[in-house]
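Here's the structure, in structure tokens; my notes come after.
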Ligand code: PFF
């Protein structure tokens, strides 16, 4: 977009839905959901999960769509048009995405590398030693920080940045929509093949039993409910700017709620599918080693980079399983990563009113640099862990909580509801507003209960200076920087352009 060109739009509803599903379906679905479900009551977890989806996930998705679509801007501009004092919250969301983007790229780079390693078997018989020792060359954080470059990590990391920035520079329709339109169907096909294959592995039923056997007593534990809400927030990419940004590129008369329902249910269906595939494979791994599923069940890095390489070593057609699993992880993460960076690009473009390719460069290159220095080096793993906890948990929950408080107290919820109803097939009313108010309360509870825990117990035994600097320090500085960014002047025409009617 040149300074006075109209805002670019998605060509139609399905282009938007693909991009939004591309954003939602990511690492959260494949490596987070199965383990969160397993740990929080198995089959019984479905109840808090569905309640969280219906009372928080879908209503907040609608809210994000309404804000972005009505105000036609990235997060800061949309919030600013909503209420001139709210711009800071938009920038805060942008900054959360800056941090997430910087490290999401890293996992994406690892997944892409492992797709190739699946073919050449680079990890040998000891995947954990390979990952930590040979691949990451991880140093001991207790000995201080060391920024020594690790070639095997740095190259692919730069490559994924350049690919993502290339797609983003092409714009909404030609870049984001087109890449999601290709990668998402491919992801579904690859993943379905992987799941069907896993179901035929010996021991698959044992894994599924472990995943789905309900532990009803867990439902009285508040932390299980927190986990359900946390999973929904993370997985649907709601309330931290992504969905506001994507909705701002929708044409005027778009069916917002109808699309939201499709995105919400598609995302959850993919999670359940991933749960089945992952636990069938873990059942096979446990059976092959003569162990219980509880001894091999993992999520996150442990699942992808320790457990799966072991499964790939032992399963028939292991290379194929590896390419399907890591290929799926790569595609899912790439489309989510793109959406995270788009939040930043869109915000900066609104403010500076310069061409998209220029902004992609201004935003992307420094971020790539930081990402490579922080994570392409020997301190990568602990840094990732701490940033993940603080930004992904506290960052997202805090930003969502504060944004909701300002929106709810501004009494504009019904205006946004009317906006949704003007063009959408599924109408919202009192119940929708009630869900949003209740979710604000749930977020407050999540924030304070987990905050108190980390404050009193520390985090994962990391040195406190490390957690204070990269955890708390970083979280607080995001708010301060957001405030200063909101003080920068807008071009007059940007504010005059659209009043949200
Ligand atoms: N919703 C995506 C996922 O489940 O991985 C994308 C995403 C969520 C990216 C949360 C980053 C994040 F912090």
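Even glycines carry a Cβ here, placed using N, Cα and C.
Over in TrEMBL, the protein carries these features:
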TRANSMEM  12-33  transmembrane segment
TRANSMEM  45-68  transmembrane segment
TRANSMEM  89-112  transmembrane segment
TRANSMEM  149-170  transmembrane segment
TRANSMEM  182-204  transmembrane segment
TRANSMEM  224-249  transmembrane segment
TRANSMEM  261-286  transmembrane segment
TRANSMEM  323-347  transmembrane segment
TRANSMEM  359-384  transmembrane segment
TRANSMEM  390-409  transmembrane segment
TRANSMEM  430-449  transmembrane segment
TRANSMEM  469-486  transmembrane segment
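It is 390-409 that, among the stretches 45-68, 323-347, 390-409, forms the most Cβ pairs under 8 Å with the transmembrane segment (430-449). Counted over residue pairs 6 or more apart, the CB atoms of the transmembrane segment (323-347) and the transmembrane segment (359-384) come under 8 Å in at least three pairs, which marks the two as touching.
Counted over residue pairs 6 or more apart, the CB atoms of the transmembrane segment (469-486) and the transmembrane segment (89-112) come under 8 Å in at least three pairs, which marks the two as touching.
Among residues of the same chain six or more beyond the transmembrane segment (149-170), those with a C-beta under 8 A of the stretch's C-beta atoms are 105-106, 108-110, 112-113, 134-137, 176, 178-179, 334, 337-338, 341-342, 345, 356-357, 360-361, 364-365, 367-368, 371-372, 375-378, 380.
Long-range contacts of the transmembrane segment (89-112) within its own chain (CB-CB distance under 8 A, at least 6 residues past either end) are made by residues 27, 74-80, 135, 153, 156-157, 159-161, 164, 239-242, 244, 301, 304-305, 326, 329-330, 333-334, 336-337, 340-341, 343-344, 347, 367-368, 370-371, 374-376, 380, 383-384, 387-388, 391-392, 395-396, 399, 402-403, 406, 474, 478-479, 481-483, 485-486. The stretch with the most CB contacts under 8 Å to the transmembrane segment (261-286), chosen from 45-68, 182-204, 224-249, 359-384, is 182-204. Distant neighbours of the transmembrane segment (182-204): 18, 21-22, 25, 270, 273-274, 276-278, 280-281, 283-288, 315, 317, 320-321, 324-325, 327-328, 331-332, 334-335; these residues of the same chain sit at least 6 beyond its ends, with a Cβ under 8 Å from one of its Cβ atoms.
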